[in-house]
């Protein structure tokens, strides 16, 4: 896939996901204008997230049976409709309806990732996913910064109008500039969504984004209080640190293409745990906090790209459904982190929230480590069986792949007196 097409799809992802998260910096003025009580303004963001979860279940699987290019364009247009309804709303229920519609069709992000993966050669699939998903990070973190600026200049309604115009323009550009998604075969079934690889990577994503949500949903509370007393605009600038860390992981796709998904995932999750040591220093040092934020977002992006690369490679005929299912884990983990951090912070302060985020990170690392041990044990058993059978079947060649959460373990029997057990990428494997 050409570089400019990757970038176009990255912009699609950024605009779509921004339609959910731009409400965060403008909750106060939206609530005042629409008459939403202060205690219920959280539902302005939650409505879009609930719609997004519904879209993952109802809409994303359509990408496995319909032309994804047309789905992307159609979903962008419907996202724009929801954004326009939100921007023009004079009463709360109309705004909530618009936010729900925009959230449902914001799942165009997952359809876009699946479309990009299907158009890429196996050797460049990881790179493509890395570039396209970088748009998600820019949309989440950069969208908050842009929304705060637009709202300060033209009011909160301008945020949604600008996004609507961008979504409509992108819908037209997708139809004009991207190839049709022509497939000769339909997926054979839904068994892939129940495989060991899917469950392992889904659990890693669940704890990964619970840790991510713990930071980004809870960090504003201590920064606004003593001793820092930062304004909302100043707090929003921490998104730049997160953006730098995530974009620093742009090579994650190349690492995935080289077949190093397993060890890279383990290293990134270790960095995620370590990042919380710096984040926990928030009451005493903003520089250590910034370092921790950069490291955390770097680790999250590396693991997220690797997860999607493994899943789309293992299930090339059902990429939309598998990515949609994977993102359910993502959404649930993010929601858990966001909900838990406010409760813990209220009783235990930022030290408690930091322990919570680090605990989620440790759980993700534990899932990876257990899977790694299981995979190694399977390889050793296969090697033992192969060695014991050489005398009775000299010269015979067999191959067995043990597919797991980090890599496919391939054990070969040859006429040589030893068996070879190697780790290779899961590209082209199936569950």
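Here the Cβ of each residue, glycine as well, is placed from N, Cα and C on the backbone.
Under the heading domain 'Major facilitator superfamily (MFS) profile', TrEMBL lists 1-375. When pLDDT is averaged over the domain 'Major facilitator superfamily (MFS) profile' (1-375), the result is 85.
Summarising the annotation, TrEMBL assigns transmembrane segment to 7-28 (among others). Within the chain, the transmembrane segment (7-28) has long-range Cβ neighbours (under 8 A, six or more residues past its boundaries) at 41-42, 44-45, 48-49, 52, 72, 75-76, 79, 82-83, 99, 102-103, 105-106, 108-109, 112-113, 115-116, 131-136, 138-140, 142-144, 146-148, 151, 156, 159-160, 163, 166-167, 170, 173-174, 177-178, 232, 236.
According to TrEMBL, the transmembrane segment annotation covers 40-59 (among others).
Residues or ranges marked as transmembrane segment in TrEMBL: 71-89 (among others).
Marked as transmembrane segment by TrEMBL: 95-117 (among others).
The annotation transmembrane segment is assigned in TrEMBL to 129-152 (among others).
Residues or ranges marked as transmembrane segment by TrEMBL: 158-178 (among others).
The transmembrane segment annotation in TrEMBL covers 198-221 (among others). Beyond its flanks by at least six residues, the transmembrane segment (198-221) meets 192, 232, 235, 238, 242, 265, 269, 272, 276, 279, 282, 293, 296-297, 300, 303-304, 307, 310-311, 322, 325-326, 328-338, 340-342, 345, 350, 353, 356-358, 360-361, 363-364, 367-368, 371, 404-406, 431 of its own chain at Cβ-Cβ distances under 8 Å.
Under the heading transmembrane segment, TrEMBL lists 233-250 (among others).
Taken from TrEMBL, the feature transmembrane segment covers 262-280 (among others).
The transmembrane segment annotation in TrEMBL covers 286-306 (among others). Tertiary neighbourhood of the transmembrane segment (286-306): same-chain residues 126, 129-130, 133-134, 137, 141, 204-205, 208-209, 211-212, 215, 228, 238, 241-246, 248-249, 252-253, 255-256, 261, 264-265, 268-269, 271-272, 274-280, 330, 364, selected by CB-CB distance under 8 Å and a gap of 6+ residues from either end.
Outside the transmembrane segment (327-347), and at least 6 residues removed from its termini, the chain residues within Cβ reach (under 8 Å) are 49, 52-53, 56-57, 60, 107, 110, 202-203, 205-215, 217-218, 221-222, 304, 353, 356-357, 360. Residues annotated as transmembrane segment in TrEMBL: 327-347 (among others).
The transmembrane segment annotation in TrEMBL covers 353-374 (among others).
In summary, the transmembrane segment (71-89) lies against the transmembrane segment (158-178): three or more C-beta pairs, each 6 or more positions apart in sequence, are under 8 Å. By the Cβ criterion (distance under 8 Å, sequence gap of 6 or more), the transmembrane segment (158-178) is not counted as touching the transmembrane segment (262-280), fewer than 3 such pairs being found.
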